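These notes are about the structure you will find just below.
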Amino acid sequence: MCVFMAKTTSTNFFSFMPNRNTTQDSIKFQNGFFLSGPVKAFSLSASQLQCYYASIPISVPLTKYKDYEFISLDEKICEFCEKGNLKKAMEFLLMPENPQVASSTYCSVLQLCAELKSLEDGQKVHSIIRSSGVSIDGVLGSKLVFMYVTCGNLREGRLVFDKIANEKTFLWNLMINGYAKIGDFKESVLIFEKMLRSGIEVNSHTFSCVLKCFAALGSIKDGEWVHGYLLKLGFNSYNAVNNSLISFYFKIREVQSAHKLFDDLTDRDVISWNSMISGYVASGLCEKGLELLIEMLKSGADTDLATIICALAGCANCGDVSLGRALHAFAIKARFDRNAIFSNTVMDMYSKCRDLNGAIQVFAKMADKSVVSWTALIAGYVREGLADKAIGMFHEMERGGVVPDTFAITAILHACACNGSLESGKHIHNYIRENDMQSNIFVCNALMDMYAKCGSMEDAKSVFLEMPVKDIVSWNTMIGGYSKNGLPNEALSLFVTMIKELEPDGRTMACVLPACASLAALDKGKEIHGYILRNGCLYDQHVTNALVDMYAKCGMLVLARFLFDMIPTKDLVSWTVMIAGYGMHGLGNEAISAFNGMRHAGLMPDEVCFISILYACSHSGLINEGWMFFNLMQNECNIKPQLEHYACVVDLLSRTGKLSMAYKFIQKMPIEPDATIWGSLLCGCRIHHDVKLAEKVAEHVFELEPENTGYYVLLANIYAEAEKWEQVKKMREKIGTRGLKKNPGCSWIEAKGKVHIFVAADHSHPQTNNIEALVNKYRSKMKKEGYRPKLRYALINADEMEKEMALCGHSEKLAMAFGILNLPPGQTIRVTKNLRVCGDCHEMAKFMSSKTKREIVLRDSNRFHHFKDGICSCRGFW
DNA sequence: TTGTAAGCTG
């Protein structure tokens with residue numbers, strides 16, 4: 001059936017004038033004719049025209065009507081398509097009772113749908129085709145697939161693709177590329193394999209795309225096979241293929257192979273250069289990438305926007321702000337600066353080069369600020385430690401109608417983590433739930449990190465357990481979170497679970513070693529050290545520093561020093577860890593020479609380093625040196641002392657018996673002293689038995705931390721040691737009414753890969769009879785040799801016998817006795833206690849070391865005590 | 001059809 005349409009011209013009878021005072025664009029007549037083009041309202045009304053055209057018979061040959069040209073519906077639709085007017089084309093196609101149009105017309109409309117990315121219209125066309133009964137041949141099917149894939153409905157496209165069995169390489173490439181674009185590289189590869197099996201011809205596009213897929217999948221062998229295959233077919237003469245190969249080798253970390261390909265390229269195009277620069281930058285070899293940029297510019301090769309963007313990313317990652325600025329200027333001249341991706345990149349460059357103001361300036365000038373722009377700036381604020389400002393920016397972004405995506409959410413979670421804002425973090429968690437972002441691994445990792453940094457490991461754990469897929473970052477975050485939140489046992493047990501599932505990396509080691517350190521779990525630490533040696537993480541400075549710290553905290557100072565000496569370029573953390581190690585072992589002078597060594601190496605101590613050296617001085621009673629460092633910190637290094645530094649000085653004065661000086665020092669502090677500061681003095685009062693000052697100091701402590709059990713117990717101990725039993729009783733009552741519980745003393749020791757834990761007066765250990773018998777044996781021996789037990793440490797107002805019994809039950813004694821009974825002769829006995837060692841136990845440890853001729857290393861909550869031949873390394877400073 | 005921006009673990 002043929003349908004005619006009147007084609008309007010400016011010279012025709014009705015003087016149809018386009019674009020002037022028109023009422024409607026076209027009219028359908030009852031006989032199936034169309035009058036198209038704008039109808040001039042003043043010349044004839046629509047109904048008049050309709051009447052006129054209604055009289056024209058269908059069978060009249062076209063030539064009879066000189067002034068009118070009649071065209072088919074197909075042609076009309078195609079004409080609209082050519083003009084890009086999809087709306088009109090669809091209108092004609094969808095008119096009710098329309099005659100069937102040609103397959104090629106459907107193709108034209110589908111092409112336009114694809115170009116305009118109108119899935120909705122495309123689907124309508126597909127349904128018309130279905131209902132019209134037109135057979136979907138290879139050509140029409142291809143167009144349908146093209147439309148669906150271009151419009152992002154890969155599933156529908158695939159259904160058509162599978163039905164039509166097309167042999168066109170283009171269509172196969174389209175499908176492979178379609179899946180690659182949505183990240184389903186596995187499906188891309190499956191189609192590629194099917195393509196090879198079916199004998200479909202492959203071309204350079206196929207190789208380009210497939211190489212990208214194998215790179216993304218990390219399928220090194222398959223990618224290399226493709227390389228061989230394309231060489232066989234001679235596709236290595238195509239630049240695009242070589243460029244893809246370069247990218248592939250960069251992605252599989254074969255940097256040299258990539259460079260070799262580039263070297264062999266005779267005709268390098270801009271993409272070859274860009275691929276090299278971007279490859280180096282993405283591999284973390286930014287300097288090399290920037291060198292290539294310079295080489296590229298010198299060679300006179302063309303540069304484009306992508307060149308600048310890749311190079312700016314390189315500047316950002318290696319902090320080269322001057323080159324970044326030069327590129328920025330160059331880009332402005334080249335008029336690249338109106339491009340959104342460019343602006344975002346340049347802004348990120350300034351932000352990562354610590355020039356936040358530069359970033360803010362670019363941001364302010366940006367015409368359309370996308371979520372990417374906001375995220376880059378928010379991350380910049382967080383990097384500068386301005387987490388509050390970052391959170392403010394986030395709200396401003398939301399108010400401006402910009403919807404946060406997973407990147408923005410991750411950045412803002414990081415801000416909450418740095419700020420410790422659990423409340424804001426929980427709000428973000430709600431947003432994540434409401435917007436179904438829980439499946440994003442970055443979001444979940446950042447969420448766990450936020451909870452861990454805000455101290456809520458329970459929340460972190462529930463996120464971790466609910467994660468559908470966990471990566472190494474997830475595990476590291478949880479293990480590190482447990483370590484830092486005082487849950488070392490949880491950290492270690494999670495580490496054990498982890499290594500059954502995936503291979504740990506250097507960061508895992510740096511996360512788990514502090515857990516070993518805090519438990520003094522030497523055997524476990526050594527095991528992890530072995531793991532590190534086998535897996536080659538020893539070249540990671542963080543790992544070596546953590547190992548030094550672990551060995552120092554597990555009492556193996558010699559080993560710590562040995563590893564420390566092996567670090568080729570020691571950083572500030574390496575030195576700080578070593579200084580702290582010497583400090584906790586009471587080796588103040590060694591700590592000082594390490595400090596001097598560090599300065600000699602040209603490193604500037606930071607506030608943490610000063611805490612270590614002040615701590616070391618205080619634990620060795622080096623009062624003059626301590627003062628010297630306290631002044632050095634302020635005068636030479638311009639570091640304002642924080643609470644921790646004041647606490648060390650107070651500790652130093654208190655331990656050395658300068659109690660009133662300490663008291664005055666606290667009163668003169670420019671910052672408000674906290675309970676720890678007063679607590680240090682209270683400890684000093686206990687060591688030097690100053691009950692009067694203790695009462696004065698305790699008032700401050702109780703006011704600042706009324707809920708802290710430790711301080712009530714401490715004052716009770718001070719009273720008990722002075723045998724002021726009435727006051728002890730009052731303190732106990734005070735503790736009782738407040739519902740406070742004394743933290744039970746507990747000691748542990750490792751033997752044959754097992755940790756044995758002892759609690760004071762606990763008889764549940766299987767060897768309890770032997771252990772208690774041994775303790776009593778030593779007690780009698782000590783008495784015979786004229787030793788009087790330090791009864792005041794028993795803290796019980798009872799008769800002498802009972803006090804003695806209570807002393808015998810102290811956990812550290814039980815652990816030491818267990819060590820003597822179970823560890824081979826000559827092996828050092830290493831005991832760890834959660835509280836400070838008691839004076840009586842300290843005496844017995846000396847005695848035991850002398851009688852058994854073996855070393856005892858006792859780590860309490862404060863420091864190490866090395867007992868050898870009846871002498872302790874602490875020399876009374878504890 | 002290859003190269004192009006922001007986010008997580010010590």
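Please read every residue number as a count from 1 along the shown chain.
A Cβ is built for glycine as well, from the same backbone N, Cα and C atoms used for every other residue.
What TrEMBL records for this protein:
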- A:168-202: repeat 'PPR' (REPEAT)
- A:269-303: repeat 'PPR' (REPEAT)
- A:370-404: repeat 'PPR' (REPEAT)
- A:440-470: repeat 'PPR' (REPEAT)
- A:471-501: repeat 'PPR' (REPEAT)
- A:571-605: repeat 'PPR' (REPEAT)
- A:786-878: domain 'DYW' (DOMAIN)
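Here the repeat 'PPR' (A:471-501) has long-range neighbours at 441, 444-445, 448-449, 451-453, 455, 457, 460-461, 464, 507-508, 510-512, 514-516, 518-519, 521, 524, 528, 531, meaning same-chain residues at least 6 beyond its ends whose C-beta is under 8 angstroms from one of its own.
Using DSSP to sort the residues of the repeat 'PPR' (A:269-303) gives these counts of helix, strand and coil: 26 helix, 0 strand, 9 coil. Mean pLDDT across the repeat 'PPR' (A:571-605) comes to 95 in this model. Here the repeat 'PPR' (A:440-470) has, by DSSP, the following mix of helix, strand and coil residues: 23 helix, 0 strand, 8 coil.
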